[in-house]
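Below is one structure, written out as structure tokens, with a few remarks after it.
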Amino acid sequence: KNQTAINEFILLGFSYGLQVQILLYLVFLVTYMVTITENANIIFVVKRNHHLQKPMYYFLGNLFFLEIWYVSVTLPRLLFGFWSQSMTISFSSCMTQLYFFISLMCTECVLLAVMAYDRYLAVCHPLRYPAIMTHKLCFQLSILSWAGGFSISLVKVSFISRLTFCGPQVINHFFCDISPVLNLSCTDMSLAETVDFALALVILLVPLLIIVFSYCCILSTILCMPSDQGRRKAFSTCTSHFTVVIIFFSATLFMYARPRRIHPFNLNKIVSVFYAVFTPALNPLIYCLRNKEVKEILRKII
């Protein structure tokens with residue numbers, strides 16, 4: 001009770017020598033520029049080409065739009081810290097960064113489940129697919145993804161923001177993430193921990209169960225197909241999405257589907273760099289390199 005509440009934090013980031021920090025600055029700057037360019041270009045191509053006006057590309061457009069904001073929540077602040085050597089962040093800015101980062105992550109969880117459902121309909125019910133996956137349903141599913149992600153994040157961050165932080169004020173991370181922030185609380189955080197852990201399980205496991213069920217049905221349908229060509233075509237429409245699902249959920253389950261009161265360690269930072277920085281740059285490559293339609297259109301544009 002005698003401690004004074006703090007109103008700003010210090011992001012520890014990557015505390016290495018000057019040469020290493022310059023190298024990291026260049027790597028993160030190039031990654032950020034590549035991520036924005038890749039995702040924006042593919043969104044432009046999808047919007048301008050009538051051959052890509054399909055539900056799958058509509059959801060891909062949502063995903064690539066999300067990735068632009070996902071990487072913009074963390075990297076500009078990190079790059080500014082490298083350049084200015086000022087790693088302080090106010091309490092309100094920290095909560096804002098935490099809210100948008102968790103919102104976009106939760107939205108991606110739901111969106112990946114929606115995309116799995118779309119692939120399930122395309123492979124398992126191809127004749128009924130155009131009648132079921134209409135423009136109206138695509139719009140409703142995308143709104144559900146964004147609204148669900150931002151609503152769940154609002155509940156999580158509202159409980160965290162009510163805690164009192166008295167020091168130390170150093171966050172052992174390069175952005176405001178849940179576990180490092182909770183570890184700085186000097187009041188009882190059991191309720192905030194419980195709410196956060198329960199919602200993390202819901203937003204991660206429910207979409208994951210939908211994805212697993214969808215792919216079990218897809219695999220069963222593919223194995224029953226009579227021709228090798230049909231099986232290869234069906235596999236090709238799902239492998240890109242399945243690869244992104246494995247990368248995303250393996251990292252997020254490791255980081256968020258566990259109790260929060262843990263000591264922050266450098267492995268958390270490494271995993272966070274992978275899914276918060278490099279994955280948004282890899283996703284367009286994963287989808288485009290496996291997609292003949294997009295590759296052909298990009299080749300014509302070039």
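Cβ atoms are placed via backbone N, Cα and C, with glycine included.
For 38-287, the entry in TrEMBL reads domain 'G-protein coupled receptors family 1 profile'. Residues or ranges marked as transmembrane segment in TrEMBL: 22-45, 57-78, 98-117, 137-155, 197-222, 234-257, 269-289.
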The transmembrane segment (98-117) touching the transmembrane segment (22-45) per 3+ Cβ pairs under 8 Å rule: no
Listed stretch, out of 57-78, 137-155, 234-257, 269-289, that has the most CB pairs under 8 angstroms to the transmembrane segment (197-222): 234-257
Which of 57-78, 98-117, 234-257, 269-289 contacts the transmembrane segment (137-155) most, counting Cβ pairs under 8 Å: 98-117
Positions on the same chain near the transmembrane segment (269-289), where near means CB under 8 A and six or more residues out: 14, 28, 31, 34-35, 38-39, 42, 60, 63-64, 67-68, 70-71, 74-75, 101, 172-175, 177, 240-241, 243-244, 247-248, 251-252, 254-255, 295, 298
Distant-in-sequence neighbours of the transmembrane segment (57-78), which means Cβ under 8 A and at least six residues beyond its ends: 11, 13, 28, 31-32, 35-36, 38-40, 42-43, 46-47, 89, 97, 100-101, 104-105, 107-108, 111-112, 114-115, 118, 138, 141-142, 145-146, 174-175, 276-277, 280-281, 283-284, 287
Within-chain partners of the transmembrane segment (234-257) [C-beta distance under 8 Å, separation at least 6 from its ends]: 56, 105, 108-109, 112, 115-116, 119, 122-123, 177-179, 200-201, 204-205, 208, 211, 215, 218, 221-222, 225, 268, 271-272, 274-275, 279, 282-283, 286-287, 290-292
For the domain 'G-protein coupled receptors family 1 profile' (38-287), mean pLDDT (0 to 100): 86
